[in-house]
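Colleague: Got a structure for you, questions after.
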């Protein structure tokens with residue numbers, strides 16, 4: 001049995017890394033009591049809370065946190081007609097927080113994620129580990145069998161090309177979860193009591209050309225490097241699919257990172273995922289996606305961007321055209337999704353105009 005860490009008595013970190021360069025984005029429909037546990041690690045940072053569902057409901061935030069809160073009315077007011085690209089009644093709404101942030105880095109976490117313990121019993125400062133991951137280079141072009149070569153006590157193994165040892169900039173840090181695993185509905189139904197108790201003390205770069213299922217509940221990224229591609233798609237209310245929002249974004253960012261020569265890491269840090277979602281509700285949301293992903297994944301595996309695409313926005317616009325061309329025959333939903341991808345980029349550029357040289 002794995003338990004969350006007890007953070008009572010841990011002092012608030014008064015020398016936090018990247019304090020003025022990082023926002024924490026939290027999507028929620030409920031009071032944020034869980035932040036009390038995270039106070040020692042997250043209180044120094046600015047929070048962007050994206051309230052999903054009923055905008056008239058009041059969300060309580062523990063005292064002492066610096067935050068701004070956006071509900072659906074705010075999203076509609078700020079984006080106008082372009083608000084149609086932001087999902088409703090789905091945690092995909094979190095990507096609105098990425099858009100309104102003005103910081104270089106983003107850490108996003110779900111409200112059912114608690115502080116984990118490492119094998120020694122020490123509370124894991126997930127944000128600190130994400131920052132370390134993002135500030136260290138990645139090695140997507142050649143796999144190092146000792147995993148992260150830049151970590152203390154590790155290095156490049158014999159046979160690793162010296163020409164590749166500088167690595168590349170890291171765009172994304174994908175963390176993992178103890179307790180409730182991030183399973184799809186069929187697996188949840190077959191293994192309802194399964195809990196993840198394995199703490200693997202490793203960080204690795206996902207190799208170029210390899211896709212992965214990105215989970216949005218413990219994720220950090222360099223907004224300046226990859227932000228415009230972190231669109232969690234059209235999911236939830238009024239859409240034929242849900243629970244594919246973070247994975248859609250992950251497939252898009254991986255194709256773009258591979259094209260632009262950026263790195264994506266996975267592994268540490270762990271959080272404690274406290275609550276299993278209802279597998280029957282999940283199955284209804286995922287049902288079409290379970291079949292569609294057998295076409296979606298080969299699409300992303302074969303997606304090729306042109307050499308003219310040199311910015312994230314240009315890459316994303318090319319990808320949206322490919323989605324319309326290749327995936328729309330599967331279902332009209334993909335035509336709508338491709339249009340929403342374009343709207344997302346237009347809205348991003350409106351709120352984040354390019355700086356003039």
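Cβ from N, Cα, C; glycine included.
Taken from Swiss-Prot, the feature N-acetylvaline covers 2, and the record attributes it to similarity to another entry. The annotation site 'Required for activity' is assigned in Swiss-Prot to 158, 165 on the grounds of similarity to another entry. Annotation comment: Swiss-Prot describes 158 as N-linked glycosylation site, evidence class similarity to another entry.
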Colleague: At the Cα level, what's the spacing in Å between residue 165 (site 'Required for activity') and the residue listed as 'N-acetylvaline', rounded?
Modeller: 38
Colleague: Could you tell me which three-state DSSP class residue 2 (N-acetylvaline) falls into?
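Modeller: Where residue 2 (N-acetylvaline) sits, the three-state DSSP reduction gives coil.
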Colleague: Give the distance between the Cα atoms of residue 158 (site 'Required for activity') and the residue listed as 'N-acetylvaline', rounded to the nearest whole Å.
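Modeller: It is 38 Å, counting Cα to Cα.
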Colleague: If you draw a 10 Å sphere on the Cβ of residue 2 (N-acetylvaline), how many other Cβ atoms land inside?
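Modeller: So the number of other Cβ atoms within 10 Å of residue 2 (N-acetylvaline) is 14.
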Colleague: For the recorded sites listed here (158, 165), tell me which residue's CB has the most neighbouring CB atoms inside 10 Å.
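Modeller: Of the recorded sites 158, 165, the highest Cβ count within 10 Å belongs to 165.
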Colleague: DSSP secondary structure for residue 165 (site 'Required for activity'), reduced to helix/strand/coil, please.
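Modeller: Coil, per DSSP.
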